[in-house]
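These come from Swiss-Prot:
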type	residues	note
ACT_SITE	42	active site, proton acceptor
ACT_SITE	69	active site, proton acceptor
ACT_SITE	189	active site, proton donor
BINDING	6, 17, 190, 211, 212	3-amino-2-oxopropyl phosphate binding site
BINDING	8, 9, 44, 49, 99	1-deoxy-D-xylulose 5-phosphate binding site
SITE	150	site 'Transition state stabilizer'
């Protein structure tokens, strides 16, 4: 299983003082050097953490894979096509939320989705949808032309005991179903050093995307050690 590191909260810390440090690009390079297989950033419409110049710097510097999380808007479609990350992930976005609160509502946007995706894929960019781990969302993602899905693990992260076990099984079944539908599978949201290890039991999940937990750990031990510790856990 591969590790993709979300560096949004490096930008959050920088923006707290509106100065140049810490630099998200430098953080991304440290993560790559330490074994991360990809870098994730979310260019939100309100630019609350990652900004346009960060994205340009990441595109110039990232050597593994750059995953641009974005809302389904004309502005973000244009930016994606101009920037050409290896991957874009469509996520829901609300101005009042602290972080992405759930999966992309494919049912609601389905009629526009294929047309939105088409020019992005034509630019040589893979497309992922951040979805709830259920068969209906997976079916619609496949029909819309998505290359892969990122299964939302937030509910798993918030639960404990038998409820968490049940949610894990839901994710396991969804991952297998997605692969059967011809989609590649990654997972993310709320994953941390305490709850990640069970995902080693789901071979269909090729990669996990981790941001807040890893950056929080890096505040104490540094990015290289935080990445290495997570890599040890995901095996």
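Just so it is clear, glycine is given a Cβ too, placed from its N, Cα and C backbone atoms.
Proximity to residue 8 (1-deoxy-D-xylulose 5-phosphate binding site), defined by a C-alpha to C-alpha distance within 10 angstroms, is shown by the following recorded positions from 17, 42, 150, 190, 211, 212: 42, 211, 212. Counted over every protein chain shown, other Cβ atoms within 10 Å are most numerous around 69 among the recorded positions 8, 69. If you take the C-beta of residue 6 (3-amino-2-oxopropyl phosphate binding site) and look for same-chain residues 6 or more apart in sequence within under 8 angstroms, you find 39, 40, 41, 42, 188, 209, 210, 211, 212, 214, 215. In sequence order, 49, 211, 212, 215, 216 constitute the residues six or more apart from residue 9 (1-deoxy-D-xylulose 5-phosphate binding site) in its chain with CB-CB distances below 8 Å. DSSP assigns residue 69 (active site, proton acceptor) to a strand in the three-state reduction. The two recorded residues residue 190 (3-amino-2-oxopropyl phosphate binding site) and residue 69 (active site, proton acceptor) have their Cα atoms spaced 16 Å from each other.
When other Cβ atoms within 10 Å of the Cβ of residue 49 (1-deoxy-D-xylulose 5-phosphate binding site) are tallied across all protein chains shown, the result is 20. Fewest Cβ neighbours within 10 Å among the recorded positions 44, 189: this applies to 44. Looking at 42, 190, 211, the recorded positions in this record, the fewest other C-beta atoms within 10 angstroms of the C-beta turn up around 190. Cβ neighbour count for residue 150 (site 'Transition state stabilizer') (all protein chains, 10 Å cutoff from its Cβ): 31.
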